[in-house]
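Have a look at the structure below before the remarks.
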Amino acid sequence: MSEEQFGGDGAAAAATAAVGGSAGEQEGAMVAATQGAAAAAGSGAGTGGGTASGGTEGGSAESEGAKIDASKNEEDEGHSNSSPRHSEAATAQREEWKMFIGGLSWDTTKKDLKDYFSKFGEVVDCTLKLDPITGRSRGFGFVLFKESESVDKVMDQKEHKLNGKVIDPKRAKAMKTKEPVKKIFVGGLSPDTPEEKIREYFGGFGEVESIELPMDNKTNKRRGFCFITFKEEEPVKKIMEKKYHNVGLSKCEIKVAMSKEQYQQQQQWGSRGGFAGRARGRGGGPSQNWNQGYSNYWNQGYGNYGYNSQGYGGYGGYDYTGYNNYYGYGDYSNQQSGYGKVSRRGGHQNSYKPY
């Protein structure tokens, strides 16, 4: 089997300038990445930014620790990948053998990582996630054990410290559980577009549960965007096959909206399949890319990463400040006020972030 490559974050320095956050160690994921680019790429970099499923994942992957053969154990045990059923079973088994390691010191090397975790069992392979521009460690990596029992031993130990820093090992298989995404953000929508027209268009993809039409709290007029929640996840997948949709007389930009809980899960563990993984897998089977979705872990405000999950700027020029905990979008209408009032039909209120 060929090695699956862990890509880098994309141009972290450029993203920092684009989003307008502080310099230094803040290299978080940039929400200004378009959904289309996100589906075709991996995780992006930017200061204090959220993610719309990532940015570029690839970059300079030849640096130390940028590659890992996620299928080594399968080959060592004499397995073949002759059928989709076997492929899925083998992938599920490998989930039991691998771990995500967060909170690493910037000085921790691949050798340090392997030496430490070898105390718990044979390490088949490991990697550190590196910034493709600077070559600097991004503070997390992955370990593949020979046996799942080694993972259990790691988890049984209450605290792990490497190079003087408490680290955070997690089971990689935890990434498999995720809530379905049923909500979208529609930008570039004319405030004059009737709700009936919006419902008619998007109802063609599946049953609409609710439509939120944000109002300007000063003018009491509708803003140039809305949120739509569907009964099921499938309509969202269909809609996201195109970045732009013509709704009434408006050419609208569509992005996936997520609850805070969904967003945090996506940032830490990523999505297997669905929107972000769609372009990365091979055929109908699960992707072999270990790093799929993990690369934005550092955006969780964890340890030295220091990136709070709120207050992200930039999402194609949308500003959700004050809109009932919807944030991370930037300013679509170039107005400074929050959104306050919302005209809503059915459903329940929640706090959402971009995907």
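Just so it is clear, glycine is given a Cβ too, placed from its N, Cα and C backbone atoms.
The compositional bias 'Gly residues' annotation in Swiss-Prot covers 43-58. The annotation SUMO2 cross-link is assigned in Swiss-Prot to Lys72, Lys129, Lys197 on the grounds of a large-scale study or a structure entry. The domain 'RRM 2' annotation in Swiss-Prot covers 182-261. The N-acetylserine annotation in Swiss-Prot covers Ser2 and is backed by a large-scale study or a structure entry. Sequence annotations record features per position, and here Swiss-Prot assigns phosphothreonine to Thr91, Thr127, Thr193 based on a large-scale study or a structure entry. Swiss-Prot lists Lys119 with the feature N6-methyllysine, giving experimental evidence as the kind of evidence. Annotation source Swiss-Prot lists asymmetric dimethylarginine at Arg345. Per Swiss-Prot, region 'Disordered' is recorded for 1-92.
The modified residues in question are Thr127, Thr193, and the one with the fewest Cβ neighbours inside 10 Å is Thr193.
With the fewest other Cβ atoms inside 10 Å of its Cβ, the least crowded of the recorded positions Lys119, Lys129, Lys197 in this structure is Lys119. Here nothing among the recorded positions Lys119, Thr193, Lys197 falls inside 10 Å of the CA of Thr127 (phosphothreonine). Residue counts for the domain 'RRM 2' (182-261) under DSSP, helix first, then strand, then coil, are 17 helix, 34 strand, 29 coil. Taking the Cα of Lys119 (N6-methyllysine) as the reference point, the closest of the recorded positions Lys129, Thr193, Lys197 is Lys129. The CA atom of Lys129 (SUMO2 cross-link) is located 46 Å away from the CA atom of Lys197 (SUMO2 cross-link). The average pLDDT the prediction assigns to the domain 'RRM 2' (182-261) is 92.
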